[in-house]
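Remarks on the structure that follows.
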Amino acid sequence: MDSKEVLDSSIRSASYNILLQIAFRIITFALNAFIIHYVDVGVLGLLNVRFYLLFSTILFVSREPFRRVCQSCSKRDDWRKVINLVWLTVISTIISACVFSWIWLNVLSWPEGELAEKYRSSVLGISFSCILESFFEPVYVFSQAFMYIKLRVVIDSLGMLLRVLGMAVTVYLAPQYAVEAGYFGQVGVSILYLCGFWGFFYYEFWRRKKNDEPALPIQSLSGFLPKFSAGEEVLD
C-alpha cells in the first residue's frame, strides 16, 4: 500500500469515526433528555456529580501517569518491559480506589433520605468498576501505539449507549432503582471494555496468523501478561 492509499484510508477511517460518534452522541442526548424527565434532581446530582467525580478521579490519578510514560516508550523494541510497567496500573488503581472511596464515605457529606441507604454500595460499586478497567490497560496501550483507533471509538460509543439505554429503561420501568442502575451500569460498561479489548486482540492475532500477515511485536494474549526475570529492571 503506497502513501496515497494510506492517506485515503486514514481520511476515510477518520470520517467514519466522526460520523459514528455524532450518531451515538445524538442518541445518547435524546436518552439523557428522557432520563431527566423521570429522575429526581437529587438522584441526578448523585450520579452525575459525586459518582462521576469519584470515577474520573480514581482513573486519572491511577492510570494517566502510566499511560503517558508507556505511550512515550511505545516505539521501543522491548515491549515486554512496557507491558510490565503498565501492569503497575492495577496496583495503582486498587490503592487509589481504596483511598478515594474512604474519602467519599468518611470525609465528604452523605446525601439525605433514601439516597443515604444506597450511598455506600454505590461508592464501592464505582470503585470496583475502576479496578476492573485497569485490567485492560496493557491491551489499551498496545492498541493506541499501533493505531487501532476505531476499536476505541466503537467500544467507547457502545459503552456510552448501553449505560444510558440501561438507565433510561430502568427509570421508566422502576425509577426507585435509578441509583442502582447508575453504578451497575458503570460496572457493566467496565466489563464491556475488558471483554472488548481482550476479545478483539484474540481475534486479531488469530486473523493475522491465518492470513499470514506481518506479525505484531506481541503475537498472543499471553504476551500481554507481565513477565519478570531475576534482577531485571522494569524499564530502562
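Just so it is clear, glycine is given a Cβ too, placed from its N, Cα and C backbone atoms.
Model, not experiment: these values are computed from the prediction.
Residues or ranges marked as transmembrane segment in TrEMBL: 16-35, 41-61, 82-103, 123-142, 154-175, 181-203.
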Segment-segment contact (the transmembrane segment (41-61); the transmembrane segment (123-142)) at 3 or more Cβ pairs under 8 Å: yes
Two-stretch contact, the transmembrane segment (181-203) and the transmembrane segment (123-142), at least three Cβ pairs under 8 Å: yes
Segment-segment contact (the transmembrane segment (16-35); the transmembrane segment (154-175)) at 3 or more Cβ pairs under 8 Å: yes
